[in-house]
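Pulled from TrEMBL:
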type	residues	note
ACT_SITE	LYS102	active site, proton donor
BINDING	LYS66, LYS90, SER334	substrate binding site
BINDING	THR185, ASN198	NAD(+) binding site
SITE	ASP142	site 'Important for catalysis'
Amino acid sequence: MNALAATNRNFRRAARILGLDSKLEKSLLIPYREIKVECTIPKDDGSLASFVGFRVQHDNARGPMKGGIRYHPEVDPDEVNALAQLMTWKTAVADIPYGGAKGGIGCSPGELSLSELERLTRVFTQKIHDLIGVHTDVPAPDMVTNAQTMAWILDEYSKFHGYSPAIVTGKPIDLGGSLGREAATGRGVVFSTEGFGNVGYWAAKLIHERGGKVVVVSDITGAVKNPNGIDISALIKHKETTGTLKDFQGGDSMDANELLVHDCDVLIPCALGGVLHKLVSFLYMMGNAGDVKAKYIIEAANHPTDPDADEILSKKGVIILPDIYANGGGVTVSYFEWVQNIQGFMWDEEKVNNELQKYMTRSFRDIKAMCQTHSCDFRMGAFTLGVNLLRVPLS
């Protein structure tokens, strides 16, 4: 099931539980605006290359639309649409005054030089600058984008609209970024767990610092396991030095695909969606959901669990903290950054982290209340909370 179908299915289940009016249900499924642009850039060798960029603005009933921009070869309209919709529910669950948006460019970042990535980012910004804004749509980093990407967007946008630090979040500290933003999604995952992409890096580091035993870590370069616990600080140093998890002396290499079914208490998928599934249809073979051994799944990635896999895991007694809650730390601290930019007053990191914990704790309490009211699991508790909060300004 693709990401859009899965997201719509979860939304419709929540709508039925809440008894949502059919007209309102339909209106909440339709995005406010879908943008598709062609981005042609000169490459370093003088040739021209074209890439397709997307920005989907899902809903602005609760405030400016908010969501990341990702660079990945598999970016497509359905995925961006689904992630924009998820951002609407995520910001509502966090109870921050935003709606949902998402963007991306279909490209292979590893095959582009830094100067080519900069040119691509600036051309994309030129194509959408009139459709984003401090009080309209505020981008942020996502998969394979970072503070530098946001700095390019800020600079290019400012050429048209004047210096506007609040146009993006997740930018460098020197340009108005917030202390604590880089670690925010991973820190939020830790907070949600208590009640290697960037998210995995910080989640593993912070869990390790709190005494948790991390037994397996993987990223696009490989996977490492150690049943006695991985020294995360040493692994991070090794990755920073070599650029890979391979040949780390503090653990054994393993097939990255085995991580999801490894024997552990808590599984935290941190990057791609759809990694836990019931059936890989094009191969006509069973998926991996039935083999998961973890007791808890914390969804640090967006849409890592297919709805059919959800049913299997639920029957196995696996407790899942859903993405629209568990990985909400990033957008919450993005909201803090936006507020700081508008006020022109910077917070210290302790205040950022303390406020994040307050928001995550409050959201978990509200989700539990919805679970009790509607006799549902955490995913439907989170979706009913988000949809219910959104329908109030629309009623």
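Each residue, glycine too, has its Cβ placed from N, Cα and C.
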Nearest by Cα to LYS102 (active site, proton donor), of the binding-site residues LYS66, LYS90, THR185, SER334, is LYS66
SER334 (substrate binding site) has its Cβ surrounded, within 10 angstroms, by a count of other Cβ atoms equal to 28
If you measure between the CA atoms of THR185 (NAD(+) binding site) and SER334 (substrate binding site) and round to the nearest Å, you get 10
Taking only the CA atoms, the spacing between ASP142 (site 'Important for catalysis') and LYS66 (substrate binding site), expressed in whole angstrom, is 12
Note: in the chain of LYS66 (substrate binding site), residues six or more apart in sequence with C-beta under 8 angstroms of its C-beta are MET87, THR91, TYR98, GLY99, GLY100, ALA101, ASP137, VAL138, ALA140, VAL331, SER334, TYR335
Excluding its own, the Cβ atoms lying within 10 Å of the Cβ of LYS90 (substrate binding site) add up to 29
Residues lining the substrate site besides LYS66, LYS90, SER334 (CB within 8 A of their CB center) are GLY67, MET87, THR91, ALA94, ILE96, TYR98, GLY100, ALA140, GLY328, GLY330, VAL331, THR332, TYR335
